[in-house]
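Colleague: In case it helps, Swiss-Prot gives these features for our protein:
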- C420, C424, H456, C459: Zn(2+) 1 binding site (BINDING)
- C447, H453, C479, H482: Zn(2+) 2 binding site (BINDING)
- 373-383: compositional bias 'Acidic residues' (COMPBIAS)
- 364-383: region 'Disordered' (REGION)
- 417-485: zinc finger (ZN_FING)
Amino acid sequence: MSLQMVSAVSNSSLLQPGSSLLNFDGHVFFFGQKGWPKRSCPTGVFFLDIKQNELKMKPAAFSRDSCYLPPLRYPAICTLRGNGESDKHQYIIHGGKTPNNDLSDKIYIMSMVNKTTKKTTFQCIEKDLGGDVPEARYGHTINVVHSRGKSMIVIFGGRSYIPLAQRTTEKWNSVVDCLPSVFLVDFEFGCCTSYILPELQDGLSFHVSVARDDTIYILGGHSLQNNTRPPSLYKLKVDLPLGSPCVTCSILPGGISVSSGIVTQTGDTEFVLVGGYQSDNQKRMICNTIVLEDNKIEIVERVSPDWTPDIKHCRMWFGCDMGKGSVLLGIPGANKQLISDANYFYILRCNKAEEDEEEELTAQTCSQASTEDQGDSTPFEDSEEFSFSAEASSFDVDDIDTYNEDDEEDESETGYWIICCASCNIDINTWVPFYSTELNKPAMILCSSGSGHWVHAQCMDLSESMLLQLSEANVKYFCNEHVHLNKGLQTPKKAVHLKKQPMKRLHKKKTMKLTTPVKKSFLRRLFE
């Protein structure tokens, strides 16, 4: 096992606990940002471009016949293989949290319809469900089982909000474990059936599940009711005859106490379990190999990688399966840093063949890519310490149809921490926000001299009102070094003086005309 650090070039703050990674044709895509999508990527799906140990995120598009897919954190995700010898597959997404902390009970089918060097297009379809529909939840698992030429979707575990009748202002966002029911979903017709098994007594969430043929193994998990991580190991067997399905459960020995573990597949019958937690404040640094053969499971401990000191001493970590024995791990940066999106990312390669193929990352996962689950038991997720926001403007893309990936290749020259002029004093280590609109990067403005270059607004001594005026107005700006060139090339236009109209008095008294007696007698005789 090898551990390698990657540097995030752009928009790394979008990668948060609860996010998911999808693999299509060897290309890894990110889904499930914490906030609502920005205009630069309205779909919320990004292509992870990892080259030369640098991670870049590029927006993806949806087809016109796609439904709306909100960014969901902690959903249940699994793959559905195509028929025949086709390598194409679809992803099934169920449940999860929206940015408004609402829980989803919908199920989506996501597939790739077009892939070019500059643009990737997906199709997302919402599947209608009927019968015993699973309630809205998160932190659960979804798997596909195959029996007698048929396929079924199996949903188990997770957390949900307390019933609406019991919700008060103080307990509005309180969550509980879902009932330990097993749901079978007919993928073709959308019919759902729930099963209550006597072996499953307590609800579980953030557990690990791996499937092979008609059998699902459920390992570990966290019980919110008891606040424990029981070393449980369940075996679910699903038989699909011509009549009603038959679901049986058995308790096996040799379980592991782990929650939020990450499973990656390294072979046809071999999986690797990494990461997770063994208590509320202790990470699980041990790795295990899971082998599924001859209708049985074998879990053995394997040699762990050389964890870096940052990973060993951090309080939390998160990650997702990238496929073929590769896992993306993330840890938050040091608290003393002023840059709020300073996340550190590592790629853990569990397969020896993949250690030599850094660019080939494909995924064949049979379980949910479990993520950090302490957002509900401890205030990590919504605290200011780990609150990040995405800078959508760093993509510099107004229309996804005209997106040019070559525009992102020059970020080293047009970054926020360049030396914009001779008197530039912006340093990444000492910079603090100067304008009220700044958050974690200094405000910059484009100088229109020549081919154009970016300068810091603070180095140009621009006031905040002037900066806002220049950003809203459609005018050219010239920095302090090129402003004299602009004056010499342009002749000032003569200002047209407007004549000031005198204001009329609102209450002007009319002059009274006096009529003499002679005029009165004349008028009287005239009308007689």
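Note that Cβ sites are derived from N, Cα and C of the backbone, with glycine treated the same way.
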Colleague: Other than C447, H453, C479, H482 themselves, what residues in this chain have Cβ atoms within 8 Å of the centroid of the Zn(2+) 2 site's Cβ atoms?
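Modeller: Near the Zn(2+) 2 site, beyond C447, H453, C479, H482, sit L446, S448, S449, G452, V455, Y477, F478, E481.
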Colleague: Translate the DSSP assignment of C420 (Zn(2+) 1 binding site) into the three-state scheme.
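Modeller: Going by the DSSP assignment, C420 (Zn(2+) 1 binding site) belongs to neither helix nor strand, so it counts as coil.
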Colleague: Around the C-beta of H456 (Zn(2+) 1 binding site), how many further C-beta atoms are within 10 angstroms, looking at every protein chain?
Modeller: 23
Colleague: Which binding-site residues are spatial neighbours of H482 (Zn(2+) 2 binding site) here, meaning Cα within 10 Å, out of C420, C424, H456, C459?
Modeller: none
Colleague: Helix, strand or coil by DSSP: which one applies to H482 (Zn(2+) 2 binding site)?
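Modeller: It is coil.
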Colleague: Applying a 10 Å Cβ distance cut-off over all chains shown, what neighbour count does H482 (Zn(2+) 2 binding site) have?
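Modeller: H482 (Zn(2+) 2 binding site): 16 neighbouring Cβ atoms within 10 Å.
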Colleague: Since the record lists C420, C424, C447, C479 as binding-site residues, which of them has the fewest other Cβ atoms within 10 Å of its Cβ?
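Modeller: Among the binding-site residues C420, C424, C447, C479, the lowest count of other Cβ atoms within 10 Å belongs to C424.
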Colleague: With a radius of 8 angstroms around the mean position of the C-beta atoms of C420, C424, H456, C459, what other residues of the same chain does the Zn(2+) 1 site pick up?
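Modeller: Filtered neighbour residues, in order: I418, I419, C421, S423, N425, I426, V455, Q458, M460.
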Colleague: Can you give me the Cα-Cα distance between C479 (Zn(2+) 2 binding site) and H456 (Zn(2+) 1 binding site) in Å, rounded to a whole number?
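Modeller: So the Cα of H456 (Zn(2+) 1 binding site) lies 10 Å away from that of C479 (Zn(2+) 2 binding site).
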Colleague: If I take every residue in the zinc finger (417-485) and average their pLDDT values, what number comes out?
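Modeller: The answer is 80, the mean pLDDT of the model over that range.
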Colleague: Just give me the nearest neighbour of C447 (Zn(2+) 2 binding site) among the binding-site residues C420, C424, C459, Cα to Cα.
Modeller: C420
